[in-house]
């Protein structure tokens, strides 16, 4: 693909040049080619976007619930019509295989938008009788202008997960995509405008997180920040949001999730689940189950089943329908993952497979890392303690149920957890003791629109998806009505 035209900001229904004068490049990680130069939003651009959003939000919130619902449903239709085009752009920008982006990223994002479009008319207050002459009623009102700050691993899906409930509740959103993968968020802005969203209700500001993101979290005109990213960045976003104007926050942060295989499990099923929990999206999924706990007596057999399935991984041309494994999202990220692999070897973990870059003409110019499985791991190893966010699995052994629960919970993270067992009594007993916000039994990874998604401990605050997220983009106003004569004590 030839280099794209320079990408601008999207403010008030159209493209506009950044006043900052700064730019950055977005790279195709499969081959190292520059896709586009992208303009970076500065402080003045954030001010412009906030003013635009404030104007548009008043128009949007004044529309009836059904009018807003119809516009969002129209956007869903356009997303589905343009699925292949958007998936190709997402593949170029992220490096993910087209077989994945064409069936998951836009599809699931559109599902979430459709879900919230359907919930809009059900967003209602309540009536509370006090006595014969007085009652209270409540209204759920939009927050106003909110900010979404996205991660690089699911660019358009995250933009939809954040914008769908925000817009459904009557807010306007200013969205800052990751500077690593900014392209499809701009296309989403076009689609919202085409669907009839009033100008300013969805503005997109590409830029560097440490600058553009901080301008958003500092801005007094922003009522809430929804952030997806790492724990360290999340803490800064939360601190800035509180210090500036006590903004509400939703944080979807990192994870180091446990996947527990019990001794009664079908090992073929367990191996299939483990592969998806570690190597889907080349391991760049925040919920990945990278700490795989296996009974000691099952370890050897389980390892053989994993190795057999690693042979089925097909890396190569990311647009080949048979490819199911792409490069990492960037060269700096690849280098960071390789440092973790080297650390695992240094600390005594045994490499079962992988452990290096992929080599060959198809891989030499890209950010490719081989699917890597470590075994003979211990809980104190760096690769077991820290989030790697790449195709790196750690196999650990255990002897008892109590032991594995304790070790699974021995982490600052609490995003996800899963177990594989034929005993549903055991499944529920263990799941109820695991300290994680998203749990799976005999499956892994699905996050439907109806399912609240978020973490315990350092893995996040608040939830995305589900009914409660729509409510989190509103504020409750309580109104008391008195029909009898008011009595004053003065």
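Cβ coordinates are placed from backbone N, Cα and C, and glycine is handled just like the others.
When Swiss-Prot records 150, 151, 152, 176, 177, 178, 179, 230, 231, 232, 233, 254, 387 as binding NAD(+), the matching candidate from 286, 377 it lists for that site is 286. Swiss-Prot names 26, 27, 93 for binding K(+) 1. Of 145, 146, 180, 201, the residue it gives for the same site is 180.
Residue 464 (active site, charge relay system) and residue 248 (site 'Seems to be a necessary countercharge to the potassium cations') have their C-alpha atoms 14 Å apart, to the nearest angstrom. Using CA atoms as reference points, the recorded positions 162, 246, 248, 252, 286 were checked against residue 27 (K(+) 1 binding site), and the closest is 286. Same-chain residues with CB within 8 A of the center of the 26, 27, 93, 180 CB atoms, the K(+) 1 site residues themselves not counted, are 25, 28, 29, 35, 94, 152, 179, 181, 182, 183, 329, 330.
Among the listed recorded positions, namely 27, 286, the Cβ with the most fellow Cβ atoms inside 10 Å is that of 286. Shown in sequence order, 143, 223, 224, 225, 241, 472 are the residues of the chain, 6+ apart in sequence, with a C-beta less than 8 angstroms from the C-beta of residue 248 (site 'Seems to be a necessary countercharge to the potassium cations'). Sequence-distant contacts of residue 93 (K(+) 1 binding site), defined by Cβ-Cβ distance under 8 angstroms and a gap of at least six in the same chain, are 26, 28, 35, 155, 181, 182, 183, 184. Counting other CB atoms no more than 10 Å from each candidate's CB, the active-site residues 252, 464 peak at 252.
Nearest to residue 286 (active site, nucleophile) in space, judged by Cα atoms and limited to the recorded positions 162, 252, 457, 460, is 252.
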